[in-house]
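> One structure, pasted below without further comment.
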Amino acid sequence: MGCSVVGNCKSVMLMSRMSWSKLALLISVAMAAAMTDSPPTLICMGILVSVVLNWIVCAVCEEASELILGVSLETTRPSPARVIGEPVFDPRYGYVAPAIYDGKSFDVILPISALSSASTRKETVEMAVENSRLQPLESSQTPKSLVALYSQDLLSGWGSRIKGPDGQEYLLTALHVWETNISHLCKDGKKVPISGCPIVASSADSDLDFVLVSVPKNAWSVLGVGVARLELLKRRTVVTVYGGLDSKTTYCATGVAELENPFRIVTKVTTTGGWSGSPLYHKDAIVGLHLGARPSAGVNRACNVAMAFRVVRKFVTVENSELYPDQSSGPARELDAETYTERLEQGIAFTEYNISGITVKTSDREWTTAEALRVARYKPLGGGKAWGDSDDEDTQETAIRPLNLPAGGLPTGQSALGQLIEYAGYVWRDEGIINSNGMPFRSAGKSSCRFREAVCRAVHRDVRAAETEFPELKELAWPSRGSKAEIGSLLFQAGRFERVEAPANLQLAITNLQAQYPRSRPRSCFRREPWCREDFVAEIEKIAHSGEINLKASPGVPLAEIGVSNQQVIDVAWPLVCEAVVERLHALASVDPRQHDWSPEELVKRGLCDPVRLFVKQEPHSRQKIEQGRFRLISSVSLVDQLVERMLFGPQNTTEIALWHSNPSKPGMGLSKASQVALLWEDLARKHQTHPGAMADISGFDWSVQDWELWADVSMRIELGSFPALMAKAAISRFYCLMNATFQLTNGELLTQELPGLMKSGSYCTSSSNSRIRCLMAELIGSPWCIAMGDDSVEGWVDDAPRKYSALGHLCKEYEACPVLPNGDLKEVSFCSHLISKGRAELETWPKCLFRYLSGPHDVESLEMELSSSRRWGQIVRYLRRIGRVSGNDGEERSSNESPATTKTQGSAAAWGPPQEAWPVDGASLSTFEPSSSGWFHLEGW
């Protein structure tokens with residue numbers, strides 16, 4: 001109640017201050033106006049009077065605000081000398097003890113009465129530490145986030161201001177300090193009352209002893225208290241602790257802080273009475289909370305409070321997401337259920353803490369929670385061995401049982417993959433084929449992992465209003481959403497699929513195309529066989545925390561049962577995700593699903609892959625597509641499968657992105673800089689001189705990709721990436737799963753494709769594989785050159801190309817010669833939704849960008865990034881200024897291709913990662929890959 005009243009008073013005060021200031025200004029202006037008949041000097045005097053009057057009003061309001069908030073001056077009182085250590089016997093004086101006064105340390109002689117109590121006391125509150133001296137400070141030298149805490153007129157301890165993820169500011173201090181009935185915050189000699197503020201989180205355990213209190217912003221702002229960052233302590237760290245007799249008479253001491261266990265810190269920093277609750281500062285961040293002393297060990301105690309919040313995960317923001325660079329050797333490894341049981345059997349003792357209702361168990365080096373103990377982990381069957389310890393012979397399929405896997409390659413019992421299947425709650429039932437033409441789909445059952453059935457968005461009123469200025473907007477609208485739209489569009493796209501046999505010249509085309517791509521080197525964890533589990537875990541964690549994963553995206557099926565985003569799943573279930581990736585990579589390398597001809601349903605049942613979640617992409621569609629029900633579908637693979645693909649194919653994809661200018665695939669291409677446009681244009685112009693160019697448009701590319709095209713792609717990946725044997729097997733099995741997928745709709749309905757093929761648009765490999773497959777298609781029909789970005793391409797002209805593409809199973813709806821100048825040189829090309837010419841790349845799909853911008857509260861900078869190169873940009877900016885969406889210099893016209901950021905094109909986001917070293921491999925060939933009668937490839941030695 002007290003906090004609420006203070007907050008309301010503060011709001012009234014601010015409004016009052018603003019009104020009086022404006023009134024004073026108006027009076028002064030009126031005075032100046034009245035003097036208009038006088039010389040200009042009198043007008044200047046009137047303005048000066050207005051400034052002074054305004055300053056007086058502001059000062060009065062400031063004092064009034066402090067009065068309303070109950071701000072008072074801190075009472076300073078002399079402090080007695082404090083005994084800060086155990087008494088020792090000195091033959092000359094008797095018993096003496098170290099003491100401190102006014103920041104100086106000295107010994108005092110103890111009387112017999114004091115000796116009696118001091119000698120029987122087990123623990124002092126604070127402790128002086130050798131080589132850690134108190135340094136007197138001016139109050140301005142203390143951290144802005146530090147505050148003194150008073151119980152009426154008595155200094156009880158210290159605290160700090162930290163910020164939570166919800167934007168709320170909290171007071172962090174020791175619980176035993178807060179329990180002294182803290183009534184005031186104090187900073188620089190000013191006190192403000194805070195009684196009645198609620199506790200948000202706390203722990204009464206003596207090793208933790210912290211409390212988090214919700215304090216209104218008004219109390220912080222009137223004292224000028226800043227906000228500190230909270231970070232996890234990293235091993236042995238130099239820290240500084242602050243305290244004093246009051247908020248103006250302050251000291252600091254510096255020393256080393258170390259972890260005793262993941263939550264308990266010991267410091268060699270001198271403190272004195274009344275310093276409890278003071279933060280441990282490392283540079284400008286808080287890395288711990290001072291609690292008291294442990295004189296028997298000659299150290300002070302502190303809490304690794306950031307670790308406590310890392311476990312709770314909801315109250316405050318911890319800046320450093322990784323506790324140690326190498327957590328495998330650091331003293332803060334989180335345990336799974338089985339390892340925890342093993343530790344108990346080994347006689348390792350665990351201390352139990354309670355943090356806001358969450359039970360934490362910790363040893364000196366490891367910790368877990370009661371929640372985690374309910375999550376079972378992989379446990380080898382009796383008599384078996386871990387797959388990382390297998391030898392070369394064990395990698396064959398006959399060795400599955402000794403590797404603790406049943407026939408089919410799925411770890412059972414307490415495996416991570418088994419848990420994923422359990423979370424999904426699959427109910428399999430064959431309800432027959434649901435369509436009669438194209439790619440057949442079978443209704444296979446349902447899962448318990450459901451998603452929200454969203455409704456179609458209405459066109460925003462700002463879009464409607466802009467249609468008179470930009471008639472092109474009339475042709476756009478938002479697509480339908482939900483399972484009904486998904487199944488309708490799926491059947492429409494599937495109906496156009498036509499399966500064809502691999503052409504006779506496929507192997508020659510593969511050989512010719514492969515020579516145009518760079519080679520790469522596998523991740524180090526794959527290069528050593530048999531595989532080492534610890535190496536895999538380290539590499540997977542590196543990928544997950546490198547920024548490669550879109551943390552806002554859905555984790556897919558079945559991990560959406562745990563969290564709605566990748567970030568949430570990684571936060572609460574990372575051990576499960578990481579273990580599932582390790583197990584899946586092993587399972588993929590342990591079997592050849594082609595030999596069993598496993599169906600999409602069986603692949604999911606055996607843990608080799610997860611269902612592909614199908615949903616309609618929320619982007620503006622043409623009204624023609626909406627009327628046809630031909631929505632753009634995203635086939636989103638699960639977080640686990642994405643990590644599997646990144647592990648296998650990341651180095652090759654990264655190499656191709658870094659070297660986009662020297663290979664046919666262009667996912668790494670950017671068009672935001674003139675140098676990038678020039679590089680692309682020079683390549684196209686040179687190729688055009690050797691053979692005239694053509695622009696082709698393949699309709700529904702993802703839904704027409706053939707299985708033999710995917711096999712060709714993975715064969716080139718294996719060769720170019722120098723995949724070792726186990727890695728090659730895992731890659732082949734992953735592509736088998738990719739081309740034989742189980743789809744899941746929003747309502748949980750499961751559909752299986754009955755023929756192999758189709759590119760999954762949400763796969764990590766989509767952009768890279770589509771680009772290579774598109775270039776392969778051009779090679780197959782005899783085109784002398786080709787560049788491709790996904791399904792977009794520019795290639796050397798081929799007579800009768802649409803018919804030849806049709807023979808490969810692809811519908812080429814447009815095939816046009818590139819425009820040329822009178823002298824025959826290339827004039828321009830349409831590529832990746834851009835009209836590209838010498839020195840210019842102009843986005844052609846500007847209506848979609850403007851439609852999106854007008855549909856919500858977007859920044860003009862994001863629009864400028866996409867449209868600054870458009871010929872319509874000037875008209876767009878003028879219109880936006882007219883309706884008030886842009887002001888000042890926002891959206892100023894720039895010269896061609898000087899947009900502030902990269903033009904958004906397929907795969908361009910990945911282009912800005914650090915380039916990976918290309919790894920030369922000599923003497924490689926594709927002779928081990930030959931198409932069988934079914935058109936599939938076989939790896940020699942299987």
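Backbone N, Cα and C atoms are what each Cβ position is placed from, and that goes for glycine too.
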> According to Swiss-Prot, which residue among SER140, SER390, SER622, SER665 is annotated as phosphoserine?
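SER390, according to Swiss-Prot.
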> Among THR124, THR339, THR654, which is annotated phosphothreonine in Swiss-Prot?
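Out of THR124, THR339, THR654, Swiss-Prot attaches the phosphothreonine annotation to THR339.
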> Quick one: sort out which of 10-30, 94-114 is the transmembrane segment according to Swiss-Prot.
10-30
> C-alpha of ASP209 (active site, for protease activity) to C-alpha of THR339 (phosphothreonine): distance in Å?
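Cα of ASP209 (active site, for protease activity) to Cα of THR339 (phosphothreonine) measures 28 Å after rounding.
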> What does DSSP assign THR339 (phosphothreonine), in three states?
helix
> Would you please pick out, from the recorded positions SER276, THR339, the one with the fewest other Cβ atoms within 10 Å of its Cβ?
THR339
> Which of the listed active-site residues (HIS176, ASP209) has the least company, meaning the fewest other Cβ atoms within 10 Å of its Cβ?
HIS176
> Under DSSP, the domain 'RdRp catalytic' (691-805) has how many residues in helix, strand and coil?
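Split by secondary structure, the domain 'RdRp catalytic' (691-805) comes out as 52 helix, 26 strand, 37 coil.
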> What does the structure give for the C-alpha distance between THR339 (phosphothreonine) and HIS176 (active site, for protease activity)? Integer Å is fine.
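Roughly 35 Å, rounded to the nearest whole number.
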> Would you mind reading off the Cα separation of SER276 (active site, for protease activity) from HIS176 (active site, for protease activity), to the nearest angstrom?
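That separation, Cα to Cα, works out to 8 Å.
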> For the domain 'RdRp catalytic' (691-805), report the average pLDDT of the model, please.
97
